[in-house]
Amino acid sequence: MSNRVYDYAKKFAQDTTTFIKNLTNMGIKNKTALNKLDEKEIELIEENMPKILEEQVKKDSKTIVVQEKKIFATPKRKEKNRNNNGGNSREYHKWNTYKERNTKDSNDNKRGAKLNNNFNKPKFNDNNNNNNKDGRVRKDFNKDFNKDFNNNKRKPVENTKSEVEMPEIETLTKASKSGKQKPKFDKKKYEYEKKAKEEERKLKELRTDFRKDNTKKKIKKKEKVVKSEVIKLDDTSGVLKIKGELTVKELADKLGITSASIVSKFFMQGKVLTTNAILSMSEIEEIALDYNVLIEEETEVELPYGEKYELEIVDKPNELVPRAPVITIMGHVDHGKTSLLDALRHTNVIANEAGGITQSIGAYQVTWKGQKITFIDTPGHEAFTEMRARGANITDISILIVAADDGVKPQTIEAISHAKEANVPIIVAINKIDKPGANPMRVKQELMEYGLVTQEWGGDTECVEISAKQKINLDSLLETILITAELLELKANPKKRAKAVVVESKLDPQVGIIADVLVQEGTLKIGDIFVVGGTFGRIRSMIDDKGNKITKAIPSMPVEITGFNDIPEAGGMIYCVKNDKQARKIVDDYNANRKLNDIDAKKHISLESLSKELEDEQLKELKCIIRADSRGSVEALKESLNKLSNDKVAINIIQATAGAITEGDIKLAEASNAIIIGFGVRPTNTARSEAEKTGVEIRNYNVIYHVTEDIEKAMKGMLDPEYREVYHGRLEVLKVFKISNVGNIAGCMVVDGKITNHSKIRVLRNGIIIFDGDILALKRHKDDAKEVNMGQECGISLKDFNDIKENDILEAYIKEEIER
C-alpha cells in the first residue's frame with residue numbers, strides 16, 4: 001500500500017473529505033487526497049484513528065436509535081425551488097408530512113400552490129367543495145389539517161418518490177372527514193421500522209471493528225490464522241509456538257488481534273512502539289497472557305550433515321565385518337596419558353610435546369595378540385575442553401587415567417561427564433602405583449562420588465592398576481580393552497564409500513592443509529572426492545600413524561591426508577561422493593544455509609543493554625588476533641582467553657584462524673590496534689618487516705598456559721591503579737604564624753604516629769574535613785625535615801590552603817597502590 005492520503009482513507013473506510021478533517025483535528029494540516037504521508041504522520045494516524053472511529057461508531061449508533069422514533073421528510077432543493085417556498089422550512093415540513101400521509105388515497109395527484117398564512121397553499125379547481133370562490137382553502141380545512149398534523153407529527157414517514165405530489169380535492173376531503181377513524185395498517189412504515197431495527201442489530205455486532213467494508217471477511221480470515229497458530233488447551237487458553245522475537249504486527253497476526261491494541265498497551269506503560277517494532281520474549285509473553293495464551297519458543301532441529309544430503313547408506317548385515325576398537329585416553333593434566341600411549345607404542349611421543357603437555361589430539365594404532373587397537377590421546381589441560389569432548393564423541397571405549405598419588409582432579413571430573421554424555425563405556429586406569437604416596441584405594445573412593453563403582457566393590461566399572469613408566473599391568477589393560485570391545489560387537493562395511501571424522505587439521509607452510517582423520521566406514525582411497533562441512537576436495541596423499549605412505553585406509557584406521565580446498569573444522573565428518581559436480585552442489589547449499597543461519601542468529605540490541613554499555617565507560621578492551629598451528633589449538637586459545645575477561649577488561653578476539661602470520665594480519669592489527677598471538681607458527685618475511693615498520697606487537701608461544709599468563713599481566717597493566725589509604729599520624733595546631741610572601745605556617749605537635757614530607761594532609765575542624773591535600777613544606781627548627789615523630793614539634797605549610805587555625809587537627813596518611 002502506498003502512503004497517499006487517499007489510500008489511508010480507504011484503509012479506515014472513510015471518504016477523503018471526512019478523513020482530511022480528521023487529519024486536521026490530529027494536527028496534520030494542508031493535505032489533499034494525493035499527498036503522501038511521512039512515517040511520523042502514519043504513526044500518529046495508526047495510533048489515533050481507531051479512537052476517532054470508535055467515537056464515531058458510538059455517535060452513529062445513538063443517532064440511529066433517535067431517528068427510528070422521529071424521522072421527518074426533508075425537502076429536496078429541487079422541490080423547494082419548484083414550489084417557491086418562502087424559506088419557512090418548518091411549515092414546509094408540516095406540509096410535506098401531511099401530503100405523504102394523505103396521498104395514499106389519491107389516484108390522480110396534481111402539483112401544489114402556495115397557501116396564504118404561514119405555509120404554502122395549493123391551487124385547487126373552483127368546483128371543489130373545500131375551496132372558497134377566490135381559491136383559498138376554507139378555515140375548517142386548515143383547522144382539521146393542523147389538528148391532524150399535531151396528533152401524528154411524531155410518526156415516522158418516508159419519501160418514496162423523487163418529487164412530492166399534491167393530492168386532489170377529493171382526497172383532502174376524505175382525509176378531513178375521516179376524523180377519529182382507526183388508521184389503516186401502514187405496510188411501508190412497518191417495513192421501514194423492521195429495517196431500522198435490523199440495521200441497529202448489525203451495528204452492535206460490528207461495533208468492535210472499525211472497518212465498514214468486508215469486515216466479516218477479515219474477521220473470518222483472522223480466526224483461521226488463530227486456529228492454525230494457537231494450539232488450544234481448552235476453551236479459555238492455548239499455546240503459541242514462536243521462533244525467537246517478533247514484530248508488533250507479526251504478534252498481532254498470530255494472536256488474531258489488532259496492532260493498535262498492542263501499541264496502546266505499551267503506550268500506557270510509557271513505551272512508544274510502531275507496528276514494525278521488535279518485541280522481546282518477555283514483552284511477547286506479557287501480551288499473550290492478556291489473551292490467555294502461553295508462549296513456547298520453538299527450536300529448529302537441524303538434520304545431521306549426512307542425512308540432510310542423503311550421504312548415509314544403510315548397511316546390509318552380510319556386508320559388515322569386525323573392526324578395531326577406537327579407544328580415547330582421557331584424564332587430568334600430567335596424570336600419564338601420553339606416557340601410557342608411549343609405553344604401548346614403544347616410542348617416545350612425550351619428548352616431542354611442548355612443555356610436556358599434549359597440545360592436540362593424536363591418533364595411533366597398536367597391535368596386540370594379532371588384534372589392532374586404535375588409541376586417541378586427548379589433552380588434559382583445562383584449555384582443551386572442546387578437544388576432549390570431540391575425542392569422547394568419536395570413540396568406542398574411554399580409558400580414564402587417574403594418578404594414584406594425586407587422585408580425582410577437575411579435568412578428571414570433566415572427562416567422566418564427556419564419556420557419560422557420549423554413552424561410552426569407561427575403563428579406569430589408576431597410574432603411577434609405583435610412586436611413593438600412591439593410594440589406589442583413595443582414588444576408587446573418590447570415583448564412587450561420580451558414579452564409577454569398580455567391579456571388586458560391586459559395581460560395573462572395569463579398573464586396572466598400572467604404571468606406564470615401569471610398564472606394570474599393561475597386558476591386563478589391553479586384555480580388558482579387547483574383552484570390552486568384543487562385548488560391544490564393533491563392525492563396519494569396508495566396501496561402501498568412505499566416511500571419516502576429522503580429528504585435527506592444520507596448515508603446513510610446505511605441504512599445505514593437512515588433516516588427521518579416523519576412518520569410520522568404508523575404505524578411503526587416494527583420488528576419492530569428498531565433502532566436509534563447507535569445503536570439499538580430492539585426496540592427494542595418505543600417511544599412516546607410523547609415517548608410511550599408503551593408498552587406502554580401512555575402518556578404525558587413523559591417517560593423515562591432504563587435498564583440502566580450505567581448512568576443515570575439527571570434528572567435521574568427511575563423506576566421499578560420486579563426482580565433483582555433486583560435491584560442489586552440496587557445499588554451495590551448505591554455505592548458503594549457513595549464511596542465513598548466521599543472519600538469524602544475530603541478536604537484537606536492546607535499549608537497556610546499549611545504555612548500560614554507554615554508561616560503563618570504565619570497561620577496557622584488549623584486542624587480539626590469534627594464529628595457531630591447528631584448528632584444535634585455535635579453539636583452545638579462544639576458550640582460554642575468553643575466560644580471562646572480567647567486568648573491567650574484556651578480551652576481544654578479532655580473528656582466530658590456523659596458519660602462518662601474514663601481512664594481512666599485520667594490517668588488520670594496525671587498523672584495530674590489536675596484538676597478534678602466534679601459537680606454534682611464525683610470521684612470514686613480509687609480515688615481519690611490515691610489523692617492524694608499523695610497530696605491531698607479535699607474541700609467539702608454544703605452551704598454552706604461557707599465553708594466558710602473559711595476557712593476564714597485560715590486562716592488569718591496562719587497568720587504572722587502585723589505591724588504599726595508610727594512616728601515618730595525627731598533629732594538633734598549637735599556633736599559626738603569618739609570614740609575608742609565604743602565607744600561614746602551622747606550628748604543630750605530633751600527638752600520634754609520625755609525619756613525612758611525602759605525606760598527604762587532611763585538615764579537620766570540629767570533626768569536619770575542610771581540606772585534603774599535599775604538604776608544601778615541612779620544617780623543624782627552621783630546617784627542612786623528611787620525617788617528624790610523635791612528641792616532636794614542627795612547622796607545616798599546605799599547598800593551595802591558607803585558612804589554617806589554632807586547635808585544628810591534621811591527619812597524615814599516604815596512598816599505596818593495591819596489587820592485583
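Cβ atoms are placed via backbone N, Cα and C, with glycine included.
Per TrEMBL, these features apply:
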- 75-188: region 'Disordered' (REGION)
- 90-111: compositional bias 'Basic and acidic residues' (COMPBIAS)
- 116-132: compositional bias 'Low complexity' (COMPBIAS)
- 133-164: compositional bias 'Basic and acidic residues' (COMPBIAS)
- 177-187: compositional bias 'Basic residues' (COMPBIAS)
- 322-491: domain 'Tr-type G' (DOMAIN)
- 325-473: region 'G-domain' (REGION)
- 331-338, 377-381, 431-434: GTP binding site (BINDING)
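Known features from TrEMBL, placed on the structure.
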residue	record	Cβ within 10 Å
Gly331	GTP binding site	28
Asp334	GTP binding site	15
Lys337	GTP binding site	28
Ile433	GTP binding site	18
Seminar exercise, completed: Per DSSP (three-state), Lys337 (GTP binding site) is helix
Problem set entry | Whole-number mean of pLDDT values that fall within the domain 'Tr-type G' (322-491) | 80
